[in-house]
Structure formats: C-alpha cells, structure tokens
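Swiss-Prot has this to say about the protein:
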ACT_SITE  C72  active site, proton donor
ACT_SITE  C220  active site, proton acceptor
BINDING   N11, N63, G73, N74, N160, N193, E211, R212, G221, T222  substrate binding site
Amino acid sequence: MEFTKMHGLGNDFVIVNGFGQSLPDDPGALARRVCDRRLGVGADGLVLLLPSAAADLRMRVFNPDGSEPEMCGNAIRCVALYARRRGLVAKTQLEVETLAGLIRPEILLDGDRETVRVDMGRPRLERAEIPMRGPAGPVVGEVLDAGERSFMVTAVSMGNPHCVVFGADLDDAGFRKYGPLLEVHPAFPARTNVEFVEVLSPGEVAVRVWERGVGPTPACGTGACAVAVAGVLTGRTARRVHVRLPGGVLLIEWPDDAGPVYMSGPAEEVFDGKWVRA
C-alpha cells in the first residue's frame, strides 16, 4: 500500500490514494497499526481518498484508536493539496465529501507558497446537534463537573463535537488530567474534542486541544473553528481571529451568525512510502 505522509501544523496524517490501489476491508484496524509511532509509520490519523458521486472526491479519516471522526480540518487541507499535486483534480476550488457533509477547500497561490482556505460550513449550536445530553437550545457558558473541578463550557459542532473552555488556567498536568475527563463526560454521548483557550486579545487566542480518540495534538482545524465561534458567542473575540496552537497559527473567520466558518492555513508533504505489512 503506497502512502504519503503529510501534516498541517504538526497534526500528521498517512494519506492513502484509493483511486489507483485496493484498500483494506478494515481501515480502523489498519489505522491502529499504521498510526503507531513505534511499530508503524506514526501519525495522528489515517486518511483514505476515495471516488465520490457527490463531490470531487471522498475523504475518510481514522484515528489511532481506529475510530472514524466525522471531519478533520487539518486533514482536509492536506487532502486539497495532495489531490491537486497528484492530478486527482485540476482546479483550485474543490468539493470533498465527508461524514460531516460537503467541505469546500480552496488552494491559494502566492508565488511558490500554497495555503488552503476552507469553507467549513455553518457551525451547529443546538444541543442535539453537538450531540450533548440535556434540555434543548445552545450550550453557552454551561457548568460541567470533571473530577474535583467545575468548568464553564461552550459546545459547538463543526461536523464533530467540541467542548470549548475559556480561562481554565491549567498547567500541563491539569491539561492531561481534565482533557480526557471532559472527552468522555457523560454529557457527550459520542465523546468530544476539548479546547482549553486563553484569550490574548479580541483577535488572537492561544489554544491547547485534547482530541477525541487521539489525545494532545499540535493542531486541530475544526477545534480552531469551534473556538472562534465560541469566542463570538461569549463576547470574548472578534469574528476574525488568529488561533495559536502548539503547531502554529490558523486564521479563522466567521463573518456572520447565519454563514459558514472559514479556516486558512498551510499543509506540507513530508515523504512518500510503502506499507508492506500484511
């Protein structure tokens, strides 16, 4: 199985082109092996590119634990560049089918520098759409208990669930303790991604992400979008915000409540390889 290793701000993926080669029957099991950083290639996710009847191509993502998230913002940027460079598409504006619906990345050319701006779609704010247990309505500044602490959380779905926490002031040990506790909190029947946010200014935030099924990750595109939406909903940030993640910076824009969120950032190829294990 031939693959390409790529990353978006350090969030790394094994990209497999399913247009010209056969793929395994159990991609979740393959992801557990391929993503292992000691015994496999090592990655935050396995990404399969497949034909689509509804879009230019279809993307499936599998976490290191074998689970399949609905979407991945960093992976979609990698996929857009891969598809154009490998001749799967000739245009700079793509449509990609995902479990979260159609996602529309656009490759922006500035000399020899390529970045990707992605129409991530409208955020989903109703509790049932997150999904999150409890009474109907948006979840903004709601208290959740985890361990011996209480957190004020805002829940946003960008096709996958996010629990955004502002001002928790956690050290690394606290991040690694409360991130997984909130991920599996009973309020979230499908588990959740967790973002801990420090507001630096109305146009800039610093974020650490505990990714569902992954753990600490250097970057999360859907998480950055969820943070920007939560910042607007709670009056903490502007509609155009630079999100500083451990792996780098994403520009997130949410022009109006009724419209989509836009994410802009880089993606990089690392190497090509061949998986020879049965």
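The chain as shown is numbered from 1 upward.
Heads up, the Cβ atoms here are built off N, Cα and C, so glycines get one too.
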Conformational class of G73 (substrate binding site) under the three-state DSSP mapping: helix
Sorted by sequence, non-N11, N63, G73, N74, N160, N193, E211, R212, G221, T222 residues with Cβ within 8 Å of centre, substrate: P69, M71, C72, A75, V209, V214, T217, C220, G223
Those binding-site residues listed as N11, N160, and which of them has the most Cβ atoms within 10 Å of its own Cβ: N11
Cα separation, C220 (active site, proton acceptor) to G73 (substrate binding site) (Å, whole number): 7
The residue listed as 'active site, proton donor' and G221 (substrate binding site), Cα-Cα, nearest whole angstrom: 7
Structural state of G221 (substrate binding site), classified by DSSP into three states: helix
